[in-house]
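Quick notes on the structure that follows.
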Amino acid sequence: MTEILDIDGSVLEGGGQILRNSISLSAILGIPVRVKNIRAGRKKPGLAAQHLKGIQLVAEMCQAKLSGAHIGSTDIQFIPGKIRGGQYLAHIQTAGSVSLLLQVALPCALMADSPVILDLKGGTNVDMAPQIDYMNEIFRENLKHFGAKYSWKLIKRGYFPRGGGHVQVTVNPIPSLKGVTFHDRLYRGPHFVNIWSFVAGNLPVKIAYEMANGAKDKIDIIEHPVYTNCIKDQQYVQNNCSGILLWSYLGTGCVLGADALFKGPIDPFEAGQKIGADFMNLIHSGVSLDSHAQDQMILYMCLADGKSIVHTGEITLHTKTAIHIAETIAKIKFTIRPDGDKNFIECTGLGIFNKNISIND
């Protein structure tokens, strides 16, 4: 049997991202791993419900031998098998993020032997994780440049503290991922700005409109025409929640985005103004990836065939952590090349071919 690779979960970001990226790469590359000191950088170290469900989901997908997987565990061992298609359910039972479930399972689903349907239940719009709407409008669109696609269906939204959301994701496996070039924007965009805002619970829909108007107040609508969509989640929700998402397609086809989520009382117009100002600063910065998309691209760059290069702002701790895990498990090298106060991230990927499907699939 291949020697088990030890991964220290306390390094750098010291959170769940180390676990997710390690398990995804382990399943795809067929490298057994032991992750220790899990989430050592958090107030409550060890596996929480969403982390446990994530690794159990991938273990089921690839028929892995999994040990140490229980709430609070700080040490797990994962020995992967073949990634198989089919329908899989991961129900967190809390408001743990379904977006983080998608992060760990999606790369594996792309390398399965047949189509995969993921039924993910938990929180769709919660703190400390990308909103599912961000994953749909920004992450999913940027992923297409790697030659990877998925479809999704939002069945029900879920918020803190009860969760209860349900998203179904359908993935067709692909032979391989392509290297990407996310830079050289020049003056080719953006063409327009999308603003989506929502409220849930007892909040009136006018709050969503005020947030959108606040964001619009910070946008030059002559240079950037604005399209808005404001909704109230009509399902019964015990706790109030509101949020906003802005995104824009660049001339290169990449998508930049910014979002915010609120649980307590806010001045909706001022909250919208802040996210609007942040978004316009991002647009004018000249980068092709926002800080949240930055670290999510690392794993795909690692696996892709050929050289990838992305232009982004300050390198986040999450990105440094994702690079560390990719270099540790996949034995490739990332290069960060400064560009003033911005950076280019480059690597030549492994060029992994999906050995689970035939070339004619």
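Note: Cβ is positioned from N, Cα and C throughout, glycine not excepted.
The following features are taken from TrEMBL:
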ACT_SITE  HIS318  active site, tele-AMP-histidine intermediate
BINDING   GLN103, HIS292, ALA293, GLN294, ASP295, GLN296  ATP binding site
DOMAIN    12-336  domain 'RNA 3'-terminal phosphate cyclase'
DOMAIN    193-277  domain 'RNA 3'-terminal phosphate cyclase insert'
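Feature map: annotations from TrEMBL on the structure.
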{"residue": "GLN103", "record": "ATP binding site", "CB count, 10 Å": "23"}
{"residue": "HIS292", "record": "ATP binding site", "CB count, 10 Å": "18"}
{"residue": "ALA293", "record": "ATP binding site", "CB count, 10 Å": "25"}
{"residue": "GLN294", "record": "ATP binding site", "CB count, 10 Å": "23"}
{"residue": "ASP295", "record": "ATP binding site", "CB count, 10 Å": "24"}
{"residue": "GLN296", "record": "ATP binding site", "CB count, 10 Å": "21"}
{"residue": "HIS318", "record": "active site, tele-AMP-histidine intermediate", "CB count, 10 Å": "18"}
Neighbours of GLN103, HIS292, ALA293, GLN294, ASP295, GLN296 excl. site residues, C-beta within 8 Å of centre, ATP:
PRO130, PHE139, LEU289, SER291, MET297, ILE298, HIS318, THR319
Helix, strand, coil: count each for the residues of the domain 'RNA 3'-terminal phosphate cyclase insert' (193-277), based on DSSP.
22 helix, 32 strand, 31 coil
Cα-Cα distance maximum in Å, computed over every pair in GLN103, HIS292, ALA293, GLN294, ASP295, GLN296 that the record assigns to ATP:
13
Rounded to a whole number, how many Å is the Cα of GLN296 (ATP binding site) away from the Cα of HIS318 (active site, tele-AMP-histidine intermediate)?
9
Could you give the Cα-Cα distance between HIS318 (active site, tele-AMP-histidine intermediate) and GLN103 (ATP binding site), in whole Å?
14
If you average pLDDT over the domain 'RNA 3'-terminal phosphate cyclase' (12-336), what do you get?
92
